[in-house]
Amino acid sequence: QGSLQACCSLRELDVFSRAREVKVDPDKPLEGARLAALQARKTLLVPTPRLRTGLFNRIVPPAGATKEILRRCATSQGVREYSVPLGLDGKAKVDLVVVGSVAVSEKGWRIGKGEGYADMEYAMMVSMGAVQEDTPVVTIVHDCQVLDIAEELLDDHDLTVDYILTPTRTIQTNCKRPKPQGIMWHKVSSEMLGKIPILKTLRSREKQAGKDVTLQDEHPALANTPRAAASNEKVMAARAAPASAPVGHPHVGRDPVNPRSEGSDTITTVFVGNLPGNLRVSELKSALREFQVIPVRLNWQGAQHRAFLDYRDQGTAERAVSSLQGLSLGGNALRVELAKSQRSKGH
């Protein structure tokens, strides 16, 4: 019932009224959103489940379709019966994207199921020219799924949202964080590539176009490392974030000498030094995910070639030191150690 109420709010958005072609995820809770698009006589794009058999199914409401037919078209079975496939060469101009979320913040930062399909679908639409930088993205969730999310848990490939619809609220996020600008191949594993045939086709095309399509597990710095269970860690971190710390902020500018000034007696901080000058914070975050040592806070001081990672207990911090010691990023072997009083002595 709650999802239907939230989906009904979709009709009230100006961006929905103006849209002619709408992409909606195939999940059951978004059936109401698919129905709203069809009832408004819009063209509907629905991703094929897990992208196994292609990219999208396109549904144009049949002429003279009754309410019952439109309701059937909005179901997973109806999508199969009434749609035509749309591949990478298909002509599409998506005016509105509707996705599901596990959690989302009022800033527009989104956490999905952790499998990356929504991010992948959006990146593919970028490659097709089907979406633009200003194409609005809507997520429909329950009120309890709107949470504070720490920015350091996000990565460059994560899709942000512009509108959040719940059974009781409509939130315009005014999110300024850039959306993905295509497939980030260094985030794609060989396992995922093997599961998605259309992804292989896209990779082949981009390789021919001269793009770097090196996969995640082909990068020497990250080879043979365990892949993080990203979704669970992200959601747990979002829910466990201390109320005294504004988790939606990047934490740059807080006191790097005394992390306990934030009000926690249990925080253990890890110093990461010798960072290359051109290294991006997202690259360090990616490595932290790969080694499954995601901190509760990250204090990035790239100009000083260093960063500080806050962990909730000493055991996790020591595991981070052991895992990251000697890791090479951007050609530099990182210096990693527990950060104590030496941080105030010029490190």
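Note: Cβ is positioned from N, Cα and C throughout, glycine not excepted.
Heads up, TrEMBL stuff is auto-annotated, nobody curated it.
Across the compositional bias 'Basic and acidic residues' (207-220), DSSP helix (H, G, I), strand (E, B) and coil residues number 6 helix, 0 strand, 8 coil. The compositional bias 'Basic and acidic residues' annotation in TrEMBL covers 207-220.
Broken down with DSSP, the domain 'RRM' (268-341) shows 25 helix, 25 strand, 24 coil. The feature domain 'RRM' is assigned by TrEMBL to 268-341.
Annotation source TrEMBL lists region 'Disordered' at 207-228 (among others).
As annotated by TrEMBL, region 'Disordered' applies to 243-263 (among others).
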